[in-house]
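A.B. asks: Structure below; questions to follow.
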Amino acid sequence: MSFCWVSGPIPSVEAQTKAKFSLSRFISRSSWSATAETSASTVSLTVCSHPNAPIGVYKLILDQGEAIGLGEFVLLFNPWCKQDPVYLASEAEREEYVLSQDGLIYRGIPKRITVLPWTFGQFEPGILDICLQILDESPNYISDAALDCSERRNPVYVTRVLSAMINSLGDKGVLVGNWSDDYEDGVKPTVWKDSCSILRQWSNDGCRAVRYGQCWVFAAVACTVSRALGIPCRVVTNYGSARDSNGDLVMERFYNEFDENIADDSIWNFHVWVENWMTRPDLSLGYEGWQASDPTPQHRSEGVFCCGPAPVRAIKEGELTFKYDVPFVYAEVNADVVEYIKLRDGRVFKMGGSTTEVGKSISTKAVGRDEREDITHNYKYPEGSEEERRVYEKANHHNKLAQAGEEPGLHIKIKVTPDMQIGSDFDVYAELKNNTMVTKSCRVMFYAQAVSYNGKLGETCGLGEFTEMNLASTEGEPERLTTLIRCDFGPLQILGVPKVGQNLVVDLALQNPLPEPLENCVFTIHGANLTDGKPITHE
C-alpha cells in the first residue's frame, strides 16, 4: 500500500511539493512516513511529515492502481519539533509566542509608556484559512506558484512575504497605511483592538486593502499571521525610532533661520515591528534566533515594501552586510543625531547633536506575565561602552559624535513640573547653564508645539519671550512657560471572577482624570473565543 501527498497547483518531487511513501512499522522523524492500525472496518492512519516540508494545504492520496483521495490537511511550521527551522526549546516561550491569543503592545514615550491590550486571535474560526490566502495572493505566488509553494518550507522566505503582504503598497496586501489624520473613508488606526476584524474584512471584501493602519496595527496583524502559521512571534516597540532616509546611519536635522526642520530624516516617538524566531542557515552560525521584521511600508527592500528578517544579533554587532535590511533596522535603534542650521546665503553650521536620542527602552511583553520586558540590550551595547565603539567602527559610522559628558558652551534643558497633570495646564521650564569661562548675555524665546508619535508637528500650544539676562560662568537660570497637551487615561479596572463554562458579568470602571465631565463614552470589549469574534460595545 503506497501513498502520495501533493501541495500547490503544480506539485513536483523536485520542488518538494510531492512525495510518495509506503506504510512502515515505525514512524520516521526525518522523512515522510506512515503507519496504520486496523480495527473492524476502520483503518487509522498516522502520517509524519518531513521536518523541512513546505507549509500549506496538502492532499493525501492512496495509490492502488488508481488514485483515491483520502482527504486534505494543513501543514504548519512546528516549534515543538527539534528538526524544524522554527524550533523553540522553552515550553513557556512556546506558550507565549505561539499559543497565546492576546497580548500587550507598548506605545507612548520612554517616560510615559502606555499599554494597548490586543487580541491576536490566531485560532479563531477561519483565521488560518485567511492566513494561507494571504500567501496565495502574494506577487510571488502569482508569478510562479510552483516555486513559491516550494519556498514555503523556509520561514525566512515566508516571513519576508508576510512583511510585504501585511501592507498594501505594490500588492493585494491587507492594510493601507495613513498618517494624515484624515480617516473619513475608513477606520481610524487607534480604533482597532484585534487582528481578526481586519483579516476577515480583507478576505470578505475580495482581498481589498483595509483602511487604515499604522505601525502597531501592521505589527499586530503580522504577529497573528505568523503565530497562525506556527512561527514564534512577538511584537516589539522601539522608542526614539529613527527613519534614515539616505542610509548614512546619521539622522541629520537641517534647520533654516526660522527654526523650521527642512530635512527628510525623522525620529518617531515610537515605532513597532515584530520579531520571529527561526534558524538562519543562509548566514554564519550564531545569527539564528530572533529576527526583526517590519511590515510598515516605509522601506523598499529589493524593490518591495518590506523589511527583514534581520538577525537581532547582527543589528547589535553592526554586521550590516547580513540579510535582510540590517542597515535600516540598525539606524532605527542606533543612529546618531547631528543638527545643522542653513542660512539664506547657503552657509551651513553645525549646532550640536546626540548619540543617545535614538533607540530607547525597546520593549515587548514578558513571557507569561502582563508586564513589560526591556530588550534594548539585545539590539545594542550600553551607550558609550567599548563594545558600542567597536560596533560603530565596524558599521563605518564615521560621523559618531564624541561622547565626553557635558561639553563646554551654553546649554539649555527643558523640564516639566513633577506634579504635572495630563490634560491640564502645566509649567515648562527652560534651564540655561553657562559652561564657558566668561559671562554670557542671553535673550530667551521659546515655544511649545504638539507632536504626534511619528514626529508630525501640530499647533503651537505655548509661547514665551523673556528679557535679556547676563549669565556668569557656571551660572544657571530657569525660565517658565505654561502650556497644555491632550489628556491621557490611566489603566482600566476589570472586576469579576471568571469561571470556565459560565457566563461572566464584568464591571468596568474608569476614573476621569479631568476636571470636567466626559460625554458620549463607549466601552468596547474583545476576547478570543469569548465574544463570538465580534466586539461587545456599550455606550
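Cβ coordinates come from backbone N, Cα and C, glycine included.
Straight from TrEMBL, here's the annotation block:
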DOMAIN    207-297  domain 'Transglutaminase-like'
ACT_SITE  CYS215  active site
ACT_SITE  HIS271  active site
ACT_SITE  ASP294  active site
BINDING   ASN334, ASP336, GLU383, GLU388  Ca(2+) binding site
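Buried or exposed, and what's around them? Tell me for each listed feature.
C.D. replies: Note: the domain 'Transglutaminase-like' (207-297) comprises 14 helix, 40 strand, 37 coil (DSSP; helix = H, G, I, strand = E, B).
Every protein chain considered, the tally of other Cβ atoms within 10 Å of the Cβ of CYS215 (active site) stands at 26.
In the shown protein chains, 26 other C-beta atoms lie within 10 A of the C-beta of HIS271 (active site).
Annotation for ASP294 (active site): spatial neighbours SER163, PHE218, ALA219, TRP273, VAL274, CYS306, CYS307, GLY308, ASP325, VAL329, criterion Cβ-Cβ under 8 Å with sequence separation of six or more.
With a 10 A radius on its CB, GLU383 (Ca(2+) binding site) counts 13 other CB atoms from all the protein chains.
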A.B. asks: Neighbour count first, Cβ atoms within 10 Å, every protein chain included; then name which of ASP336, GLU388 tops the list of binding-site residues.
C.D. replies: ASP336
A.B. asks: Counting every protein chain present, what is the number of Cβ atoms, excluding its own, within 10 Å of the Cβ of ASN334 (Ca(2+) binding site)?
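C.D. replies: Taking all protein chains shown, ASN334 (Ca(2+) binding site) has 24 Cβ neighbours within 10 Å.
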A.B. asks: If I take the Cα of CYS215 (active site) as reference, which of the recorded positions HIS271, ASN334, ASP336, GLU383, GLU388 has the closest Cα?
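C.D. replies: Spatially nearest to CYS215 (active site) by Cα position is HIS271.
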A.B. asks: In whole Å, note down how far the CA of GLU388 (Ca(2+) binding site) lies from the CA of HIS271 (active site).
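C.D. replies: So the alpha carbons of HIS271 (active site) and GLU388 (Ca(2+) binding site) sit roughly 22 Å from each other.
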